[in-house]
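Notes to accompany the following structure.
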Ligand SMILES: Nc1nc2c(ncn2[C@@H]2O[C@H](COP(=O)(O)OP(=O)(O)OP(=O)(O)O)[C@@H](O)[C@H]2O)c(=O)[nH]1
């Protein structure tokens, strides 16, 4: 297939605006799959993704399309993950394309995620085709949304395509627009091979499969390839197209998007953003933009039953076969015993990993409150990265603590702006910008410490705006903060896993609230439990969990044995997530409560 007949494109959209449904329609209309093969959502292949309705791992499809001009074209759809945690992956997918469909829900209009992704696409000089989806909805207002796209994003929306992925209306117009408006890929078919890895995943039978966009030359099965970023060579076992079912071919040529299989064992060795070349005829330089995955959030994961520690490590080893972004190291906590300290790209990534460990590997885990990465400058002139409050160097050794700041972009109906601004200010936000994007919607930008956003900011934002706000953020820089470590002592002993790093101005209040909260969470024991909050040696709050006098089951009247049994079972289930600290049992909620205090 000559380069002239190839179109490489992505779909960018805010969550739920219909990206997957449109992708399915395109696959269906080009006959790539029979109806029977066409599962409800082909592109979202993992169970958890389907349940949550989000796309985690990018996958793609090569579609054959005969256009109205009678010519056959190859349309390579490169799917992108749809969440802020995966911005780097999105940027690599977009780098592999010449065009993008910008899908906007015609009833909802432009959202924060739409903006962020459009800016990424513009950075890569992509031809952007605005698509207004869901025009079948009675509440759809395509004209108004077109105007919004022009005013807010600054894109010409006069030839935006109106479609309904639900009914199939307008899908043919999308296919024609891809052929007519997206430029064909450029490249030197005879030069030394150069291909960009846009996704890698682990397959039980094939090992690591990488999806790559070839810029120059040809990747031939049987040749020897090199991953330039990690500097490793492999024999290239096979290459193929995703149609979306894998179809092996002898080689991938310039302009192609296809799969590369080289018997690689872990996805860390075939990283997104790396350049593949021929080991015997290497490209003089790699493609720009290769970055190591950088974890932003760290949390301790501890098995409830310490006998499961080896299982936890084995499970993480298996998960990292398929996830280049996860990092972990052994950690011992005097309170929680043996566990691991895990690094994640963001909160969603953390939730996914936790859920997979529990669901797929049947592990019961206690998770400590997630922390951002702090940079601590020491009195001896050196500096260290701190991933856990427990590792914070002593006060007399510290010169300064620096914390990561983000730029948060929030869109919400104007009537909720007061509530949004209050929330952002509470979280130490500094307002940067505020714009009306329509008569009723406002976009507001705040610089905020990442630590204030990590845990429940999005939930709070949603409830302050009745679910109408959308949020996007990007990393800015590290800034010095007046930060202190707040410790929680249970019966006089500090529990390392309950320590948090907080802003000094809020420390007293947080300490008092936290002690109160712990009192509510910690079940009554056979003896009094003292809960104290402290900064350094100074105790700032104290609460007592009073001893239990009676057996709980004594509350049940008469001999209603089923009720009694139910109560005991309920207690047992509750126990699953308890950690014994000294003589006191601490439930899982306690470890997360440290970040949920208002
Ligand atoms: N009425 C109507 N509903 C649609 C249309 N397209 C998609 N939907 C529905 O909108 C919801 C979101 O669609 P998805 O295709 O999963 O959205 P997405 O953008 O892929 O979402 P993420 O994968 O979470 O990013 C689903 O319930 C779809 O059935 C449409 O044209 N009309």
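Each residue, glycine too, has its Cβ placed from N, Cα and C.
Positions annotated as domain 'Tr-type G' by TrEMBL: 4-186. The feature GTP binding site is assigned by TrEMBL to 16, 17, 18, 19, 20, 21, 133, 134, 135, 136.
Across the annotated binding residues for GTP (16, 17, 18, 19, 20, 21, 133, 134, 135, 136), the two most widely spaced Cα atoms sit 17 Å apart. When the binding-site residues 20, 133 are compared by the number of other C-beta atoms lying within 10 angstroms of their own C-beta, 20 comes out lowest.
If you average pLDDT over the domain 'Tr-type G' (4-186) in this model, you get 84. The Cβ of residue 16 (GTP binding site) has 16 other Cβ atoms within 10 Å, all protein chains considered. Mapped onto three states, the DSSP output places residue 20 (GTP binding site) in helix.
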